[in-house]
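Trainee: One structure, pasted below without further comment.
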Ligand SMILES: Nc1ncnc2c1ncn2[C@@H]1O[C@H](COP(=O)(O)OP(=O)(O)OP(=O)(O)O)[C@@H](O)[C@H]1O
Ligand SMILES: [Mg+2]
């Protein structure tokens, strides 16, 4: 199973420029998570901080008991071997052909023979649709191909943790759909913990188990996909529907006057930029038939059912609706609504509402705390 990543109070600035502060979240082992956020909010900085390429000012990032913010160089070197990273720009060596680029981590970190290396490299190139391109230099291929080569290289060491910085940027929509399937299939096969940074709404809606969002130098939310997909939080809704109306502007933040002006224009019939207005929980991608089931899905279900009563009603509904009849029996939930035993501290009137029926999350800090991922259960699976 992939490693768990525990991040606590992580804070990063460059000189006087604060990037984000007090980021606290757990990437549950073997689950797939997506981090969203407008351009420039520090998503790439976040990934680089997770592997110790950048040094946060405060906080912890603990992997297998090692806090990579504070550990020795040798521990950091060891821990980095757990990671497969696809950088935003692909980060290929310009003077090496694709074959040597993808073979690089194997030659650097393992004692495998060239025959064994060849088998792995060709397998990963095939997986990412690059068979036949192994002799090409990075400068001789398209941006999307460079991206896929970066992904092939990130996979050669069978990483426990895979970080992908915008794996879909530069890819056409069909290749993006294949890539989404590839990430899910990979997770089914090697059970790695995966964190994907993406601006692609389809990827965000269909791939991850958990979604987070960075905005205004903070982690706005991080939690089970159902929470963000049904959220009324304006910044989350705006982002997931890709429209101009909302708190995010061209230069990240908008003032009230600009927001009011845009709202008035939209009310008068001016296009708000989005092509669809999707609400609610769309089905999640499943591994290609014939592949093993994702064990992370089972673990996540157990975890999410344990914290169900802490989630907003719309998310609860979405989660319960995704259960099979057998799972409903297993978890002791009936029908489509939440049973009394799961109501927890939520007001009774709120519990039975359906997504989009007007329930609003409380705007206090308490609500965002409730939606951040709680510490993982000790006992793991059932
Ligand atoms: N090494 C660095 N030194 C100084 N500032 C940096 C450095 N790396 C990033 N930044 C700044 O940190 C901020 C966040 O950058 P980052 O690349 O993480 O954004 P992002 O969320 O990944 O954006 P995008 O979606 O456009 O990729 C930017 O203002 C950037 O200029
Ligand atoms: Mg980036």
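Here the Cβ of each residue, glycine as well, is placed from N, Cα and C on the backbone.
Heads up, TrEMBL stuff is auto-annotated, nobody curated it.
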Trainee: From the ranges 183-232, 333-382, pick the one that TrEMBL records as region 'Disordered'.
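Mentor: Region 'Disordered', as annotated by TrEMBL, spans 333-382.
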Trainee: Looking at the candidate ranges 264-295, 296-327, report the one that TrEMBL labels region 'Disordered'.
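Mentor: Going through 264-295, 296-327 one by one, TrEMBL gives region 'Disordered' for 264-295.
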Trainee: Per DSSP, what is the residue tally for the region 'Disordered' (264-295) in helix, strand and coil?
Mentor: 5 helix, 0 strand, 27 coil
Trainee: Average pLDDT across the domain 'ABC transporter' (5-241)?
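Mentor: Summing pLDDT over the domain 'ABC transporter' (5-241) and dividing by its length gives 92.
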